[in-house]
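Shown next, in structure tokens, is the structure this report addresses.
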Amino acid sequence: MNNHIQTAISEQGIEAYLHAQQHKSLLRFLTCGSVDDGKSTLIGRLLHDSQQIYEDQLKALESDSQKLGTTGEKLDLALLVDGLQAEREQGITIDVAYRYFSTAKRKFIISDTPGHEQYTRNMATGASTCDLAIILIDARKGVLDQTRRHSFIASLLGIKQFVVAVNKMDLVEFSQEVFDRISADYREFAKKLNVDTIQIVPVSALDGDNVVNPSDKLAWYQGETLLSLLESADVERELERHPVRLPVQYVNRPNLDFRGFAGTLAAGILRVGDKLAVLPSGKESTVTRIVTFDGDLEYALPGQAITVTFADEIDISRGDLLVDAAKKPQVTQNVLAHIVWMGEESLQPGRVYDVKLATKKTRGQVEVIRHRIEINKLDQLDASELHLNEIGLCEVSLTDPVAFDPYTDIRDTGSFILIDRLTNVTVGAGMIVEGLAAKAVAGQYSEFEIELNALVRKHFPHWQALAIGKE
């Protein structure tokens with residue numbers, strides 16, 4: 001326990017302290033930027049200056065800074081976050097590192113994502129659950145290709161709030177001219193992104209200027225500190241305003257007298273008495289109970305794990321989607337999606353993969369790669385395949401009808417993963433843009449050939465046979 005927490009508990013009492021912590025709003029954010037822009041140092045500074053470091057951690061940090069530090073006599077705060085041995089030895093971030101801290105106003109979960117292009121898939125993983133992105137820019141270098149790449153990926157993954165931290169201002173003598181030039185360059189580029197708010201702040205993570213506390217060296221800057229921007233960022237309950245979406249995780253039948261359908265509410269506010277539809281079947285019924293471990297609820301909010309019962313006996317199974325009967329999503333076997341490719345082997349159109357969308361498991365294939373996105377310049381390039389860490393806009397066909405929402409509306413029902421059928425490794429992550437009309441099967445193959453092809457791909461996936469028609 002650190003001194004800050006110990007003081008708060010002694011003043012408030014343990015129960016009051018825990019109650020206050022439980023009811024604070026939560027902001028999930030990620031830090032991203034070019035290599036050596038100071039992402040891990042910035043997080044370390046946030047933890048240090050907000051008094052979130054325990055005494056034993058501080059002692060270990062002092063020792064590690066002497067052995068592995070890259071900051072001379074100063075504490076190397078990046079070592080608080082860079083946990084892998086390879087990261088510490090190279091002074092870079094490889095894995096996605098998660099950290100938790102809180103202030104008097106809010107709780108935070110941080111994703112520290114790698115800056116190198118070969119770890120794009122790691123960054124996509126970190127960004128997929130975040131509400132806000134901190135884009136770091138080295139004041140000496142300005143807006144780089146990697147800055148554009150990280151900004152685009154964060155935007156693609158649905159993050160609508162950006163805080164641009166122009167770091168290492170101490171190395172440009174805290175120049176307002178440099179800051180204004182970088183701000184103008186970034187705002188011009190950001191016109192291409194789907195972002196609601198962009199705030200730009202000058203900082204020095206190494207010395208702590210304008211991170212948690214204001215700095216006299218940046219007297220010309222009249223805005224808030226970085227931490228103040230994070231504390232005041234808008235964390236709207238966006239999902240509560242959407243229609244009800246409840247992916248069925250499993251059928252809960254502990255005895256002959258009870259049959260409920262369990263899952264985590266993805267969107268909307270679900271109330272007893274609501275009329276829901278089951279997709280893809282389309283059957284409808286009324287909710288009679290919302291059951292949880294702690295007892296029945298009158299209503300449930302997004303993120304809650306619940307079990308619902310219905311007034312009618314209807315066929316519902318794992319993978320179905322329970323939705324507001326008056327506001328149903330689209331059901332289709334064909335979607336247009338951005339795919340981030342994570343596999344060592346390239347994505348080949350026509351190759352069949354296992355597909356998982358929310359709780360639904362099916363099979364599918366990429367029919368066409370419309371274009372590959374050159375993520376440094378945002379150019380759209382022709383492509384016949386996608387390689388590791390590449391992103392493309394693809395037409396995907398599935399063997400079963402699926403209900404979905406566009407990813408920009410509801411992440412949980414608008415995203416999917418592609419799984420290699422032989423190795424069971426996740427090789428791709430998809431964000432659905434829209435549904436597509438079904439295409440007619442080409443006539444150059446006989447019905448027997450199409451069925452034989454489907455049989456081979458089902459029972460001999462290691463042959464990596466390409467699809468020639470619908471299954």
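For all residues, glycine too, the Cβ spot is worked out from N, Cα and C.
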Checklist entry - Quick one: which of 33-40, 49-56, 65-72 does Swiss-Prot have down as region 'G1'? => result 33-40
Checklist entry - Any idea which of 112-115, 240-243, 348-351, 412-415 is down as region 'G3' in Swiss-Prot? => result 112-115
Checklist outcome for this item: The answer, for which of the binding-site residues G33, D36 has its Cβ ringed by the most other Cβ atoms inside 10 Å, is G33
Item to check | Three-state secondary structure, which DSSP defines for K39 (GTP binding site) | outcome: helix
Checklist entry - According to DSSP, does T113 (GTP binding site) fall in a helix, a strand, or coil? => result coil
Checklist entry - Counting only residues 6+ apart in the same chain, whose Cβ is under 8 Å from the Cβ of M169 (GTP binding site)? => result A139, S175, V178, F179, P202, V203, S204, D209, N210, K217, L218
Item to check | Three-state composition of the region 'G4' (167-170), taking helix and strand from DSSP | outcome: 2 helix, 1 strand, 1 coil
